[in-house]
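Database features (TrEMBL):
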- 3-160: domain 'Aspartate/ornithine carbamoyltransferase carbamoyl-P binding' (DOMAIN)
- Ser47, Leu48, Arg49, Thr50, Trp75, Arg110, His147, Pro148, Leu149, Gln150, Cys274, Leu275, Arg302: carbamoyl phosphate binding site (BINDING)
- Glu142, His177, Lys238, Arg278: N(2)-succinyl-L-ornithine binding site (BINDING)
- 198-311: domain 'Aspartate/ornithine carbamoyltransferase Asp/Orn-binding' (DOMAIN)
Amino acid sequence: MKQFISVDDVPGVPRMVDIALDYKKNPFKDKGLGAQKTLGMIFLNPSLRTRLSTQVAARNLGMEVIVFNIGKEGWALEMNDGVVMNGSTTEHVKEAAAVMGQYFDILSIRTFPGLVDKAEDYTEKYIQQFIKYAGKPVISLESATLHPLQSLTDALTIRETWQENRKPKVVMTWAPHVKALPQAVPNSFAEWMNNWDEVDFSITHPEGYELDPKFVGNAPVIYNQQEALKDADYIYVKNWSSYKDYGQIINSDSSWMLTNKHLEVTNNAKVMHCLPVRRNLVIADEVLDGPNSIVVQEAGNRTWAAQAVISEILRNQ
Ligand SMILES: CCC[C@H](NC(=O)CCC(=O)O)C(=O)O
Ligand SMILES: NC(=O)OP(=O)(O)O
C-alpha cells in the first residue's frame, strides 16, 4: 500500500479488517517493523482519537512519532501554486511538504474542508498538495471529503460485534447540529460499506442533505427516518452539512436526534458514532449511556485500524 487516502488504496475491506483484528489480538507481533522509522502527524484541525490512537499504533510497530499542529505551531501555509506571497501566508506547501518529507518516513495529515468552495474541497486540493510535494507515503487523518481510518475502524467494529450468520442491516442516519460539519465521515462510511459485501447498507437523511452520488453508490436513500431504521442492526449516526447547498445547514429538525424511541423500531440496534458527539443534540444521553451504544469500543478500535494501515505502508517501503 503506497498511501491511505480512500478505500481505493487498500487490498480489499475484508483483508484490512482481518489485519486490524489480528493486531487487536496481538498488538506487538510486528514491533520491529517500524524500527528506526518516524511517522509525522500534521494537524491543521483539532483531534483526540485520531492523534492518540495513531500514535499508539505507530509505537506498537516500533516507530518514533512526531506530532505537529501546523495551524498553531507552524507558519501560515500557502496552498495555491503560482501566487505572489505578499499576503498573510508565510510558507508555500511546496517547501513545507518537501521538508517534512526529509524528516519523516511516513507523513499523516488532517485537513478539514473550508466548506465554501465545493470544487476546491472535492478535488482534495490540500491533501493532494502534500502528496505531490512530500515525496513520502501519506496517510489521511481526515481530509476534506473522506476519513478512511474512521471507516476501517467502523467496519472492524461491525465485524467483531456481529454474531449472526446473516448480513447485518446497517443504517447511516443524519442528525442535527448547530455547526456546518464536513461530509467526510459520511462519505467515507458510505464508500467503505458499499465496498464491503458483509453488510446490508442504507442511508437516511432529510431532503437536501443528499451526499455526493459517487460515495452513495447504490445504497438506498430513505427520507423517512423511522421507516429507514426499521429492523436495523446497526445505526451509524452523524451530522453533515448540505452538499447540494454547499456547507449550509438547511434543516436542524431536532426530531432526527437519536433517542430510545428511535431504537424501538430497530432490531435492538447497536449505536455507532465516530466522536466527538454533541450529547442531546446529535444523540440523546439515554442512548449514549444505555446498553446499545458501542461508541467507546468503536473509538478503541481506531488503534487497530491505524496499525493495520501503517504496517501495510511499512511493508511496501
Ligand atoms: C471525526 C469528526 C470530525 C469532525 N467533527 C467536528 O468537527 C465536530 C465539531 C463540533 O461538534 O463542534 C467532522 O464532523 O468531520
Ligand atoms: N473520530 C475522530 O476522528 O475523532 P478525532 O476528531 O477526535 O480525532
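Just so it is clear, glycine is given a Cβ too, placed from its N, Cα and C backbone atoms.
Overlay of TrEMBL feature records on the structure.
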{"residue": "Ser47", "record": "carbamoyl phosphate binding site", "DSSP (3 states)": "coil"}
{"residue": "Trp75", "record": "carbamoyl phosphate binding site", "DSSP (3 states)": "coil"}
{"residue": "Glu142", "record": "N(2)-succinyl-L-ornithine binding site", "DSSP (3 states)": "coil"}
{"residue": "His147", "record": "carbamoyl phosphate binding site", "DSSP (3 states)": "coil"}
{"residue": "His177", "record": "N(2)-succinyl-L-ornithine binding site", "DSSP (3 states)": "coil"}
{"residue": "Cys274", "record": "carbamoyl phosphate binding site", "DSSP (3 states)": "coil"}
{"residue": "Arg302", "record": "carbamoyl phosphate binding site", "DSSP (3 states)": "helix"}
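Each of the binding-site residues Arg49, Lys238, Arg302 was assessed for Cβ neighbours inside 10 Å, and the highest tally belongs to Arg302. Straight-line distance linking the Cα atoms of Arg302 (carbamoyl phosphate binding site) and Glu142 (N(2)-succinyl-L-ornithine binding site), rounded to a whole number, equals 13 Å. Taking a C-beta cut-off of under 8 angstroms and a sequence separation of 6 or more, Arg278 (N(2)-succinyl-L-ornithine binding site) has the following same-chain neighbours: His177, Val178. Candidate binding-site residues: His177, Lys238, Cys274. Those with a Cβ under 6 Å from ligand 2, in sequence order, are Cys274. The helix, strand and coil residue counts that DSSP assigns across the domain 'Aspartate/ornithine carbamoyltransferase Asp/Orn-binding' (198-311) are 36 helix, 21 strand, 57 coil. In sequence order, the binding-site residues near Glu142 (N(2)-succinyl-L-ornithine binding site) (Cα within 10 Å of its Cα) are Leu149, drawn from Arg49, Trp75, Leu149, Cys274.
In sequence order, Arg110, Leu141, Glu142 are the residues of the chain that are 6 or more apart from Ser47 (carbamoyl phosphate binding site) and have a CB within less than 8 Å of its CB.
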